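A.B. asks: Have a look at this one.
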Amino acid sequence: MEEELKNFIKVWFYAIISVAYCYYVSSRIKPGVLRLLSVLPVIALFLFIPLFFSSVHFSGASAFFFTWLANFKLILFSFDKGPLYPLPQNLPRFIFFTCFPIKPQQNPKSQNQIPKWVFAIKVLIFGVLLHTYDYKQHLSFTTLLVIYSLHIYLELEILLMLVKVWVFMFLGCDLEPQSNEPYLATSLQDFWGRRWNLMVPAILRPAVYNPVQRLAEWKMSSDHARFLAVLATFLVSGAVHELIFYYINREMPTGEITWFFVLHGVCTAAEVVVKKRTFVGRWKVSPMVSRLLTVGFVVLTSGWLFFPPLIRGGMFVRLPNEALLFIDSVKHKFFTFGS
C-alpha cells in the first residue's frame, strides 16, 4: 500500500505538469493537426500511467481517468471540441476537467438530484456485498452474476460520487451527474446513452459517433450511417475496455469484452431502427417489463462475455480484498488517532 501511495503521488505530479503544459502551450496553437501533435507526448504518457500501479483500484481508476477519458478529451481539445472547449478560465479548472470524469453542469435546474439517503443505502449495500464473497463457493452462477454486476455498479457509483463531492468542494461549481440510476433503464439505448457512466457517452459522441456518422452519410442513407456510427462507438468502447483490463490483469486480451460491446452495439442500433417503424408505436410494454428485459439482457450477456476474462484474471478476488484492506486501514488509523 505504501508503494502504491508513493506511485500515486508521482503519477499526479506528472499528470499536473503535463496538463499545465497543454493549458499554457498547446492551447496557444491553432486548433487542428499541429495542436494534436503538441499533445501527443502527454497522450503517450497517459497510456503508461496505469503501469505504475499493481492494485486493481489504482490501475483501473488511472486507466479510466487518464488513458481513456483524459486522452479522448485532449484529442477533442486539439480540434476545439469536447468538454475542454471553450477553454476553462483557469489552470485548476482545466486540470480537474481533464483528469476527472466530470464536466460543469449546463442547466442545474433541469437535473434531478438523487436524495442523499439513496446514496447512503448504496454504500450500505456495497458494504454487505463485500462480505458475501466469503460464501461465494455456496452461491449459484446466476447469483454470482448479480453480485458481480452490483459490485461493478456500486463501486463505480461510490468512486465517482466521492470524486464529484471532492471536486465540488475545491471548485465550488455544479457538476453533471455521472450516472442516472441505470437499473431503471427501459431500453439499451436508455441504458448506454442516458443512464450508465454518462461521461463516457459524452466523450464518445463527439469523438467517434458524430464523425463516423458524417463520413458515412456521404456514401449511404442516414439510417445506415447511424447504424454504422453506433456500431463504431461500441467497437471503440470495447477496445478501450480491453486495454483497461489489460492494465488491471496484465494478461493479453481475448476479445471477449470487445465482442460484448459489439453485441450491444448491434442490438442498440437495431433497437433504434425498430423504434422508428410505425407499427412499433402500437405496441405498449410496461416500464417494469422493459426494465427487467433491459437489465436482464445486460447481466446475462455480461456473464457470457464481459465477466469471464475478469474472473480468470482474479479481479473479483482482488477487488473485495483491496476494498476490505482499505476499510481496515482507515479504521485502524482513525482509532489510533482517536486514542
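The backbone N, Cα and C atoms fix where each Cβ goes, glycine too.
OK, TrEMBL features for this one:
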{"type": "DOMAIN", "residues": "176-263", "note": "domain 'Wax synthase'"}
{"type": "TRANSMEM", "residues": "7-26", "note": "transmembrane segment"}
{"type": "TRANSMEM", "residues": "32-53", "note": "transmembrane segment"}
{"type": "TRANSMEM", "residues": "145-171", "note": "transmembrane segment"}
{"type": "TRANSMEM", "residues": "227-248", "note": "transmembrane segment"}
{"type": "TRANSMEM", "residues": "292-311", "note": "transmembrane segment"}
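Can you tell me where each of these features sits in this structure?
C.D. replies: Counting only same-chain residues 6+ beyond the ends of the transmembrane segment (7-26), those with a CB under 8 A from a CB of the stretch are 35, 38-39, 41-42, 45-46, 49, 52-53, 58, 62, 66, 70, 74, 77-78, 87, 91, 94-95, 98-99.
Beyond the ends of the transmembrane segment (32-53), by six or more residues, the same chain brings 4, 7-8, 10-11, 14-15, 18-19, 21-22, 25-26, 59-60, 62-63, 66-67, 70-71, 74-75, 77-79, 244, 247 to within a C-beta distance below 8 angstroms of the stretch.
Beyond its flanks by at least six residues, the transmembrane segment (227-248) meets 50-51, 56, 59-60, 62-64, 67-68, 200, 204-205, 207-210, 212-213, 216, 220, 255, 257-262, 264-266, 268-270, 272-273, 309-310, 313, 315 of its own chain at Cβ-Cβ distances under 8 Å.
Outside the transmembrane segment (292-311) by six or more residues, the chain places 141, 145-146, 148-149, 182-183, 185-188, 190-191, 245, 249, 251, 253-254, 256-257, 259-260, 263-264, 267 with a CB less than 8 A from a CB of the stretch.
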A.B. asks: Across the domain 'Wax synthase' (176-263), what does the mean pLDDT come to, as a whole number?
C.D. replies: 92
A.B. asks: Within the domain 'Wax synthase' (176-263), count helix residues (DSSP H, G, I), strand residues (E, B) and coil residues, in that order.
C.D. replies: 65 helix, 0 strand, 23 coil
